[in-house]
Amino acid sequence: MDLPQGLVTVYLLLVSLAQCQHYYLLRPIPSDTLPLLELKEDPDPIYDPRERDLNETELRSALGDFDSRFLSVSPPQDRYTGNEDLEELDLQQQNPTGMMPKDIKNLDFDAQWGKKRKASKKLKRRLQMWLWSYSFCPVLYAWNDLGARFWPRFVRAGSCYSKRSCSVPEGMVCKPGKSTHITLLRWRCVQRRGALKCAWIPVQYPIITECKCSCAN
């Protein structure tokens, strides 16, 4: 698809930064542990909690803070929430949220036109919005079933859209930029003096809260 003349100018303005350097110099350090790898469990049902171990009142008391935005005891009606199953075209057309990055807001578009011919405010705004939309990395949320050995077993986890590059020139992709932790209960069993002892223990589970454009490697 051919770009408007103004966007071609921006491309030329940015091409010198092609070697994995984001054009507006935002280079987060994403966590290498996100998203989490699938946990491999021992399939033996002896390690599963029994019905008497699943008293919701007692478990809520042991858990403390129950954030229903990210936690669910029963299967949610829709696995995907937000924009998880949006097509690429929809993501490209989606308006970014929050404050425009200062580096995009302060880009000097006049450098390509010269002193005698300056870009209009309307064109500058269009170019800024195009760059911001192209580099925008939304968090895609989906409910994950962690299995019977976690309570609550359904967690709304985030991921970053990575089917296309988010930079001009291409080469960078959306990666986790920030995360938070929520508390879950984990059913843990250990052998003690020849007997199997099991109990619920609190564990911290990381949730991606922000995705940013970053180097692919």
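The backbone N, Cα and C atoms fix where each Cβ goes, and this holds for glycine too.
According to TrEMBL, the feature signal peptide maps to 1-20.
What TrEMBL records for ASN55 is N-linked glycosylation site. Neighbour count (other Cβ atoms within 10 Å of the Cβ, all protein chains): 11 for ASN55 (N-linked glycosylation site).
The number of other Cβ atoms within 10 Å of the Cβ belonging to CYS137 (disulfide bond), over all protein chains shown, comes to 23. Residues or ranges marked as disulfide bond in TrEMBL: CYS137-CYS174 (among others).
Listed in sequence order, the residues of the same chain lying 6 or more apart from CYS211 (disulfide bond) and placing their CB within less than 8 Å of its CB are CYS137, PRO138, VAL139, GLY158, CYS160, TYR161, CYS174, LYS175, PRO176, GLY177. TrEMBL lists CYS160-CYS211 (among others) with the feature disulfide bond.
Per TrEMBL, the feature disulfide bond maps to CYS166-CYS213 (among others).
Annotated disulfide bond per TrEMBL: CYS189-CYS198 (among others), in sequence order.
When the recorded positions ASN55, CYS166, CYS213 are compared by Cα distance to CYS189 (disulfide bond), the shortest distance belongs to ASN55.
The two recorded residues, CYS213 (disulfide bond) and CYS198 (disulfide bond), show a Cα separation of 43 Å. In this structure, the CA atom of ASN55 (N-linked glycosylation site) is 46 Å away from the CA atom of CYS166 (disulfide bond).
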